[in-house]
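J.: For reference, the structure I am asking about is given below.
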């Protein structure tokens, strides 16, 4: 009887201990408190990454809005700026300025990156990255580090940021299409002006021909009258 009464208690203790161990054991995929996130290697010699038009707009307006509304928290300011950016019409000069600056900055970055990739500094940085990855594989941490990179090293953008970036791309495409239409319109306008000039020249030629025909008709009448006058005195046979 003692063994039977003691067994449930022992089982309860063992179950509690197992439950405690399970609670203390971190879940797979969860982030352990106090654990430092591994940052990707940063190349200090690489060219500065370009800023999008939306980011440029936010950098210019953020401090101004914080000064106007010091009681508004930072996340709310970001949301307000996002709404303000999304309401800018395509023909707004301010919007065009940010998009133009972003496009020039992107072209600058691509030129500098292409030039930098041919330098020894870039080759040295690439070797360091490869050596670091090789060391991780030797330590048997390839899978774990791969998971860490998947979660933390890839930039994570909010849906709002992606929507604004998508809108910026759409605005850039619309502006490109608008420029193409303007170029076609300018070519058509030039063609119309050329045709108008040709019509005016033809009208001028027609007027000159009419005047010339009038002069010839007058000359013909003069000749006819002269002949009539000359032969009026000649007797008919």
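Note that Cβ sites are derived from N, Cα and C of the backbone, with glycine treated the same way.
Small disclaimer: the values here were computed from a predicted structure and weren't measured.
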J.: Checking feature assignment: region 'Disordered' per TrEMBL, candidates 128-148, 149-169, 170-190. Which range matches?
T.: 128-148
J.: Could you pull out which residues elsewhere in the chain have a CB under 8 Å from any CB of the compositional bias 'Basic and acidic residues' (58-71), counting only those six or more residues past its ends?
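T.: Beyond its ends, the compositional bias 'Basic and acidic residues' (58-71) has Cβ neighbours at 51, 77-78, 80-81, 84-85.
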